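I grabbed these lines from Swiss-Prot:
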- GLY81, MET86, VAL132, GLU133, ARG147: S-adenosyl-L-methionine binding site (BINDING)
Amino acid sequence: MSSKVTSQHAEELSTGARTLGVNLTGTQHELLLGYLALLIKWNQAYNLTAVRDPDEMVSRHLLDSLSVMSFIENGRWLDVGSGGGMPGIPLAILYPDSQVTCLDSNGKKTRFLTQVKLELKLDNLQVIHSRVEAFQPAQPFNGIISRAFSSMENFTNWTRHLGDADTRWLAMKGVHPADELVALPADFKLDSEHALAVPGCQGQRHLLILRRTA
């Protein structure tokens, strides 16, 4: 198990991104590896992610985040319960013309995210330390995304005030959450759903895209 970023990690990222159809620039590749280095370093002292082995982080964090990038459009994005920064940090790196907000209620995690912003010079990234229910932005977001955050019922109920009829809600899930879809609030509908294949990851991955009906 490596304690730092290696050439193997760099190659795995390049190959995996190509497999996903994501064309990384040299700068984006470098920034993603810089983010990985910070994640490995800080995870030794803070519990940023349950994935302790750095050799698993490229597939389970970076490539998993990149797998949804083709569904992203430029705009104002919110990553709810961002934790260690997935998928918000990769989103900010791949979409430099978008404004990305990473929100988490855990102070250790938002301190890490702030350090990532400073060290990688991600001027399009905002880090907010708050409970999602208490967060009151000046205007609605174009997109709200979560990865392993909560049930879809909670995700939509807790973020309803952060979007409007034009907002897309993206829920990154493992096994298809058919039971959670049944429990969606009445003013939300499933817009589309997509099975994802993430290089190096075992198990199912799904992306569900929701919209408000009112």
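Using N, Cα and C of the backbone, Cβ positions are placed for all residues, glycine too.
I'm curious about the neighbourhood of these features; can you describe it?
Reduced to three states, the DSSP call for VAL132 (S-adenosyl-L-methionine binding site) is helix. Within 10 Å of the Cβ of VAL132 (S-adenosyl-L-methionine binding site) there are 23 other Cβ atoms, across all protein chains.
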Sort out the sequence-distant neighbours of MET86 (S-adenosyl-L-methionine binding site) for me: same chain, 6+ apart, CB within less than 8 Å of its CB, listed by position.
HIS61, ASP64, SER65, ASP79, ARG147
Are there any residues in the same chain, six or more apart in sequence, whose C-beta is under 8 angstroms from the C-beta of GLY81 (S-adenosyl-L-methionine binding site), and if so which?
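Sequence-distant Cβ neighbours: LEU103, ASP104, SER105, VAL132, SER146, ARG147, ALA148, PHE149, SER150.
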Taking each of the binding-site residues GLU133, ARG147 in turn and counting other Cβ atoms within 10 Å of its Cβ, which one has the fewest?
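Counting other Cβ atoms within 10 Å of each of the binding-site residues GLU133, ARG147 gives the minimum at GLU133.
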